[in-house]
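Features of the protein shown, as given by TrEMBL:
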DOMAIN    41-301  domain 'G-protein coupled receptors family 1 profile'
TRANSMEM  26-50  transmembrane segment
TRANSMEM  62-90  transmembrane segment
TRANSMEM  102-129  transmembrane segment
TRANSMEM  150-170  transmembrane segment
TRANSMEM  198-226  transmembrane segment
TRANSMEM  246-271  transmembrane segment
Amino acid sequence: MNTSKSPGLAGFGVLKNTTCHTEKKISVFFSIIFMTAGILSNSLAIVILMKAYQRFRQKSKASFLLLASGLVVTDLFGHLINGAIAVFVYASDKDWIRFNQSNILCSVFGICMVFFGLCPLFLGSVMAVERCIGVTKPIFHSTKMTSRHVKMMLTMVCLFAVLIALLPILRFRAYQIQASRTWCFYKTEHIEDWEDRFYLLLFSCLGFLALAISFLCNAVTGITLLRVKFKSQQRQGRSHHFEMIIQLLAIMCVSCICWSPFLVTMARIGINEGRSKETCETILFALRMATWNQILDPWVYILLRKAVLKNLYKITSGCCGVHVINLHMWELSSIKNSLKVAAISESPGSSKQINLQPLNSVGQ
């Protein structure tokens, strides 16, 4: 690569004067725990999605299943690849000079960190947009949001994330070994010019933009569901509204809490040209927080379902001894019933009383 230093030592020179004391056993423990938890939870989510896709082939739910599958598969490979590289680095005593002579491993590690960091955020925002369209414009969603269009969106999201990850390589800028010597990313120390700052700010801005789109679309979806709930006096619609609102709140809270520290830290480093006061331990903590988002994604999108909510309600009401909400039998899956109620409420005869026939609940 066209760098001032030899490729094998890219970013290593700044580490000699950097102090970052990380306990090896604790760090290896964190890496193994995160990788194992991410692989198990996402694998379980993939199994549930496969069963759901075989069981329910409604057109209204096909887009959700495809996007959710893309999300959990991305999270799974992210934990598998990044976790394996991190464990290898720890097992090799973080001796990058010995196993990274040509800087290939650091480049691969940095590309994977950027791609598997941005891609779930992009997919989360796309899922929020799809859900917002499905609830607010059910007719448009059922006619225009086909499986082919969803697959095209998945491909475009992945290609865009790959482009962002390859951008430093295309510009002959090597990914840098970070101060903890355990991972590679954009240059965060001794930033020399605007391009190094640009990569950090681009990553942060894209991440915040994805979170903002998710927040906005989920807010619109939640308000629409609440409006339909209060507009319709039918008791059958309460259960799926309750489920959807809980899912939306969980999605927004988990994504914002997990990713905000890392995005803010990278933005501050980019703005201050690498002279910010963030320590190595602070950056590692923010990185681990971001990793937890990929662990919790399948639980929020897939595993936080009707059966779990019903059991949590029963346990809570049993412990408190107070029945706050009378949960009825679940009628349809949340997405299908939401589309049905929203479509009826927006029809010309929505002023008339809506009589929905009770349906048997679908499998969990």
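Quick reminder: no glycine exception, Cβ is built from N, Cα and C everywhere.
In this chain, the transmembrane segment (62-90) does not touch the transmembrane segment (246-271); fewer than three CB pairs sit within less than 8 A of each other, excluding pairs fewer than 6 residues apart. For the domain 'G-protein coupled receptors family 1 profile' (41-301), the predicted model reports an average pLDDT of 84.
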